[in-house]
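Enquirer: Starting off with a structure, shown below.
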Amino acid sequence: MHISRIAPPAARDLTAVVLAGGAVLLLAAMAAGVLLGPARISPGGLGAVLADWLGLAPLPPEFRRDAAVLGVIRLPRVLMAALVGAGLGAAGAAMQGLFRNSLADPGLIGVSAGAALAAVAAIVFGATVFGVAAGALGLWMLPLAAFLGGLGATLLMARLGSIGGVTGVATLLLAGVAVNALAGALTGLLIFTADDRQVRDITFWTLGSLAGSRWEQVPVVAVLIGLPTLGLIALARPLDALLLGEAEAFHLGHRVEALKHLAVTLAAIAVAAGVAFTGLIGFVGLVVPHLLRLGFGSGHRLVLPGSALLGGALLVLADLAARSLAAPAELPVGVVTALLGAPFFLWLLRRKAAA
Amino acid sequence: MRRRALLGLAATLPLAARAAERRLVTVGGAVTETVFALGAGSQVAAVDSTSLFPAPVRALPQVGYLRSLAPEGLISLNPDLLLLSDEAGPPQAIAVLRAAGAPVALIPDGAGAAAVPRKILAIAQALGLEGRPLAEAVADDWARLDAPVAALRPVRAIFVLSAARGAPLVSGRGTHADALLGAVGAENVLRDFTGYRPLSAEAAALLAPEAIVMMQHALAEAGGVDAVLRTTALAVTPAAAARRVMAVDGAYALGFGPRAAHARRDLAALLHPRANLPSLPARPWV
């Protein structure tokens, strides 16, 4: 069990070292994500584009393609991947701490299923029922619907899971299962009415992709994921206390009910915003906090910010692989995270069990 | 003098020469077929997974399924023009391509008599080629069948998209298959929904189709004619009793590209074996 290793004072140095390492890893992954990909950029092209951005020299016309690839396609895409991955990692770590269950992931609080339901509704009815709204919102309609759907499902779950002002963790989990089942059934109903092309669109959406990342999305995601992620990291100390048990945390002076609601809400915002723009990306929220726990213990002051950094790095690298492996086509990034993550995770578990 | 004459000749060449070196990426089966029919096939550098005809496209690099295009992958091919069916997506990826300044031309997809020449002319215009001869040839071939098809007694038919699992998926209004059935002397008996839906056994019995039209690969996936006719929903139909299951090549019959008129004749002849349909001239693009 991971409860046995809550950061002792001597572990502060370890925390600093691990977080610094995570930050370096994230920056290295982002650099790789910007510099590598199926559209090869020559060192000369990179130099010319950088010189243009820094205002040192105008861009020679033969490097216009390189400038578009770097500035219009890869930079926003890498930033989106880092933010979405950070949100998924931190939300996963917080949910595992809150439910005191290492199998918990953001999907458990209904956010993915709710977002999927709303996204499928937007795909199926987009052109007809929401005709006017679709015209005004354009490419923002699906993300907006998915964000509200994810958030709505989580709020519904939190409400159903709390009885008489007390939120039992088991009740909350079961409410999450029920909300997931309900959203899944409604999604199935919508898929029944969808035509062939819409079914294909739905399938691809549920596999996740960062191919639609554009600059105008970056500030929105930076706020909607960045702030809740920082908020979750700030909950490290009360989440550590919660690992000792709810009564113990209460006696240590933490308001356990408020903590639960805050953590669930922040995680739901961070995950819903990510899912809204990229579709469903599994495994990051489950595996990344696990890796850190297996390696460095369960202290949330390490696991929460570490999961954000490592989650961002992992998704940036997974997206680089998704872009490159099947070029000029592209693999769904959710497929890559699971394909790379699952075997590695199993290997790690077995090594840990043997040791 | 001679040298100047050569230079003069060279001055008229660049357009044609540039056209020959041009790199095209075509997305959508009918778009790709039309580019080849217009004689620009040698410029096609990559295609999507729905582009299966003519045979040379199968050796070209693949950009994936037309609803899941990859912006960077497309740009990495250094295309001079991306010719995309307007069915291509996702819309976010198209927006990224446009933001990156990639040369994108969207070609209206559509089914039926008017859609074919419209598609051909739009593609020719995007390529800077003369498209009227091809568009008129296909429209003439199509029109030659109008009167003979109108004289046929419409066969009550359904189009089955897939019958491999569970209830067969059949096509209602607003589908390419619906347009095809209407053009070949058949009546699509599925009138009360749009798109594709699973067909229940009761509805099938009530609608009593006399013929079932399927794509060849879907028929093969389902295990052949016998397997299809054993499915509960289809077993009860007059079509099953008469074993009237017609297999068509999906890209050929449903693409509504330059081969549309010939596909129309072939399926009409399958559905009406005793009808006296005019034969169409052999066209190089068919």
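The backbone N, Cα and C atoms fix where each Cβ goes, and this holds for glycine too.
Just so you know, TrEMBL annotations are computer predictions that nobody has curated.
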Enquirer: Can you dig out which of the ranges A:39-60, A:215-236 TrEMBL describes as transmembrane segment?
Expert: A:215-236
Enquirer: Let me spell it out: take the transmembrane segment (A:215-236), skip the flanking residues so only those 6+ beyond its ends count, and list any with a Cβ under 8 Å from a Cβ in it.
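Expert: Answer is 72, 75-76, 79-80, 83-84, 86-87, 90-91, 93-94, 143, 147, 259, 262-263, 266-267, 269-270, 273-274, 277, 299-301, 304-305, 308.
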Enquirer: How about long-range neighbours of the transmembrane segment (A:262-290): same chain, 6 or more residues beyond its ends, C-beta under 8 Å?
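Expert: The answer is 80, 83-85, 87-98, 102-103, 105-107, 109, 111-112, 114-116, 119, 142-144, 146-151, 154-155, 158, 172, 204-210, 212-213, 217, 220-221, 224-225, 228-229, 231-232, 235, 239, 303, 307, 310-311, 314-315, 332-334, 337-338, 341-342, 344-345.
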Enquirer: Could you check if the transmembrane segment (A:302-325) is in contact with the transmembrane segment (A:79-99), meaning 3+ Cβ pairs under 8 Å among residue pairs at least 6 apart in sequence?
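Expert: Contact between the transmembrane segment (A:79-99) and the transmembrane segment (A:302-325): present, because at least 3 Cβ pairs are under 8 Å.
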Enquirer: Cβ under 8 Å, sequence separation of at least 6 from the ends of the transmembrane segment (A:79-99): give me the contacting residues as numbers and ranges.
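Expert: Those are 26, 29-30, 33, 105-106, 108-109, 169, 172-173, 210, 213, 217-218, 221-222, 225-226, 228-229, 232-233, 235, 239-240, 242-243, 259-260, 263-264, 266-268, 270-271, 273-274, 277-278, 281, 284-286, 288-290, 292, 298, 300, 303-316, 318-319, 333, in sequence order.
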Enquirer: Would you kindly list the residues that approach the transmembrane segment (A:139-158) from elsewhere in its chain, counting only those six or more residues past its ends and only Cβ-Cβ distances under 8 Å?
Expert: 109-119, 121-123, 126, 130, 133, 167, 172, 175-176, 178-179, 183, 212, 217, 224, 261, 264-265, 268-269, 271-273, 275-277
Enquirer: Let me spell it out: take the transmembrane segment (A:170-194), skip the flanking residues so only those 6+ beyond its ends count, and list any with a Cβ under 8 Å from a Cβ in it.
Expert: 99, 101, 107-110, 113-114, 116-117, 120-121, 123-124, 153, 156-158, 160-163, 202, 260, 264
